[in-house]
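Annotated features in TrEMBL:
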{"type": "TRANSMEM", "residues": "A:20-37", "note": "transmembrane segment"}
{"type": "TRANSMEM", "residues": "A:73-93", "note": "transmembrane segment"}
{"type": "TRANSMEM", "residues": "A:105-127", "note": "transmembrane segment"}
{"type": "TRANSMEM", "residues": "A:133-156", "note": "transmembrane segment"}
{"type": "TRANSMEM", "residues": "A:163-181", "note": "transmembrane segment"}
{"type": "TRANSMEM", "residues": "A:212-231", "note": "transmembrane segment"}
{"type": "TRANSMEM", "residues": "A:262-280", "note": "transmembrane segment"}
{"type": "TRANSMEM", "residues": "A:300-324", "note": "transmembrane segment"}
{"type": "TRANSMEM", "residues": "A:336-359", "note": "transmembrane segment"}
Amino acid sequence: MSLAVAPPVADARLRLGLRAGLGIFVLLLGIMPLLNLLPVTHPLHVSDFLVSVTGKWICYAILALSLDLAWGYAGILSLGHGAFFALGGYAMGMHLMRLIGPRGVYGHPVLPDFMVFLGYQELPWYWLGFDSFPFAMLMVLLVPGMLALIVGFLSFRSRITGVYLSILTQAMTFALMLAFFRNDMGFGGNNGFTDFKELLGFALNTSAARAGLFYASLVALVLSFLICLRLTRSKYGRVLTAIRDAESRVRFLGYNTTSHKLFAFVLSAMLAGLAGALYVPQVGIINPGEFSPANSIEAVIWVAVGGRGTLVGAVLGAFTVNGLKTWLTSAAPDLWLFVLGALFVAVTLFLPKGLIGLIKGRVQ
Amino acid sequence: MSEGRRLYLDGVSVVFDGFRALNNLSLIVEPGELRSVIGPNGAGKTTMMDVITGKTRPTAGKVLFGETDLTRMDEAGIANLGIGRKFQKPTMFDALTVFENLELALKAPRGPIACLRWKLNGEARTRIEQTMAEIGLTERAQDLAGILSHGQRQWLEIGMLLMQDPELLLVDEPVAGMTDSETEHTAALLVRIAGRRSVVVVEHDLEFVRALGRRVTVLCDGSVLSEGSIDHVQNDQRVIEVYLGR
């Protein structure tokens with residue numbers, strides 16, 4: 001399981017190069033919405049489609065970073081990270097639903113359409129407060145964080161690791177998916193939430209709002225990266241890698257590994273929730289399909305392809321695989337799932353350290 | 001009454017599926033004592049270490065460290081009380097450098113936040129450097145532990161044990177795979193450590209145990225067969241039968 005290797009000096013130079021590359025990449029992303037403003041005939045014009053799809057990928061990259069923190073560093077292979085992403089998305093969705101106000105099809109002043117349709121007389125208690133943006137943002141972080149705290153505490157304390165933990169997290173997201181499909185949960189059943197109107201006073205269907213969400217996501221990605229960097233370069237990060245490679249040895253050194261893993265897992269879930277919250281207003285819909293186990297597994301593949309245990313790798317993987325997906329699902333839609341499967345097998349067999357490992361190999 | 005005992009095992013038994021790995025084992029280690037534990041394979045040496053360090057819960061019996069009951073604590077809690085352990089197969093973190101391995105072992109607050117805020121100060125650096133000098137790995141400070149030779153790994157793990165600054169060191173086969181001069185060096189180091197701390201050494205190598213020259217406990221079938229100086233146990237008829245004679 002150990003991911004170790006290259007002498008640290010060459011490693012540091014490479015790391016610097018990768019980080020410079022990432023900086024340039026972020027700058028390029030940053031000017032995309034500006035290029036979108038150019039006239040359509042201009043050679044540097046970037047289409048609305050490309051801007052909106054890139055906005056989604058940025059959110060995926062945050063999810064990949066969060067998964068990498070849990071898996072690549074702490075060795076917690078979560079196959080349910082999509083659940084944290086979806087919960088963050090639902091929290092944001094609830095806020096967006098409340099902001100629709102009387103503009104719904106049924107024109108009810110408070111209740112969202114689906115509640116009127118299902119015969120609700122008043123808002124369920126857990127919908128209270130979501131009309132406030134700060135409260136909704138707090139929930140975006142707290143709800144996934146609390147779930148991770150509970151699931152993590154129970155499983156880490158009982159020393160459930162490896163495959164068993166992966167199956168457990170997979171079951172967690174599957175159970176949530178089934179629950180969210182039920183109409184009487186009060187989250188819109190299988191239709192979920194959609195038809196959002198505005199956020200922070202900006203109409204969502206304008207290009208200004210799209211650009212705003214794009215930049216918010218980009219800032220969130222940079223901040224998440226810096227947080228993860230700060231964490232993984234500290235002694236705490238080294239404790240995590242030590243736990244990943246030899247957990248029981250870390251215990252004999254006097255570290256309570258449960259609390260260390262829990263800290264990483266909860267933080268990771270919060271980042272995933274943030275990614276989901278930024279994703280939902282950009283795609284305009286959230287439904288229980290986001291909890292689908294396949295989504296969580298795809299996220300694992302992004303990280304594996306990019307190179308787990310390296311932050312740049314997680315970001316690179318998210319963009320590469322999703323870029324490939326967007327291209328292939330329009331060029332040859334039937335092929336995508338086979339390609340995704342083949343990609344995972346190929347990376348596992350030939351590129352255990354992912355694309356980053358490949359780059360490192362070339363440099364040395 | 002606890003005066004004069006660091007570690008106190010009384011009537012400890014461990015039963016795995018009907019097999020008695022430890023059978024009514026009693027052992028007292030005094031502060032500053034260096035104790036060697038020998039015995040044939042399956043005598044219960046490693047299980048005894050597991051019980052002391054919280055890896056295995058005893059089926060019956062008392063395990064006290066000073067006045068503290070160890071049977072109710074987990075590995076991390078016991079380690080923080082001041083009990084350090086070196087494993088039979090040297091175990092460390094291969095993806096980290098020699099320096100980083102020692103830094104992780106260094107006695108310091110162990111919580112996630114404390115680790116996040118940790119800054120390597122001059123005092124800590126000096127301690128790590130002293131330890132690296134002591135275990136002869138100064139030149140290898142920035143090398144990953146994964147590329148060290150077997151003997152160097154043994155040394156690194158002993159170094160990690162020293163960084164923990166424990167009151168009691170449990171050392172499982174420290175000289176396996178070492179050359180003669182390395183073995184001598186290790187014996188000298190362990191003798192130097194004892195005095196300030198208690199050390200329990202499990203070894204197969206009788207020459208090494210002789211070099212340590214202290215009290216020896218012979219385990220057999222999960223309990224103490226004989227105890228005393230190396231000459232005493234080597235002349236004990238029962239010991240010769242089960243162990244030395246073969």
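Using the three backbone atoms N, Cα and C, a Cβ is placed for every residue, glycine included.
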### Query
Apart from its near flanks, which chain residues at least 6 from the ends of the transmembrane segment (A:163-181) lie with a Cβ under 8 angstroms of it?
76-83, 86-87, 90, 147, 151, 155, 187, 189-190, 192, 287-289, 291-293, 296
### Query
With pairs 6 or more apart in sequence, are the transmembrane segment (A:262-280) and the transmembrane segment (A:73-93) linked by at least 3 Cβ pairs under 8 Å?
yes
#### Entry: For the transmembrane segment (A:300-324), distant same-chain residues with Cβ under 8 A (at least six beyond the ends)
3, 18-19, 21-22, 56-57, 60-61, 63-65, 67-68, 71-73, 77-79, 81, 221, 225, 228-229, 232, 241, 339-340, 343-344, 347-348, 351, 353-357
### Query
Other than its close neighbours in sequence, what residues sit by the transmembrane segment (A:212-231), given a CB gap under 8 Å and a spacing of at least six beyond its ends?
22, 26, 29-30, 32-33, 51, 54-55, 58-59, 61-62, 65-66, 68-69, 199, 202, 237, 264, 267, 271, 274-275, 278, 281-282, 311, 315
### Any contact, the transmembrane segment (A:73-93) to the transmembrane segment (A:133-156), with at least 3 Cβ pairs under 8 A
yes
### Message
Should anything in the same chain at least six residues away from the transmembrane segment (A:336-359) have a Cβ under 8 Å from its Cβ atoms, list it; otherwise answer none.
### Response
3, 14, 18, 298, 301, 303-310, 312-313, 316-317, 320-321, 324-325, 328-329
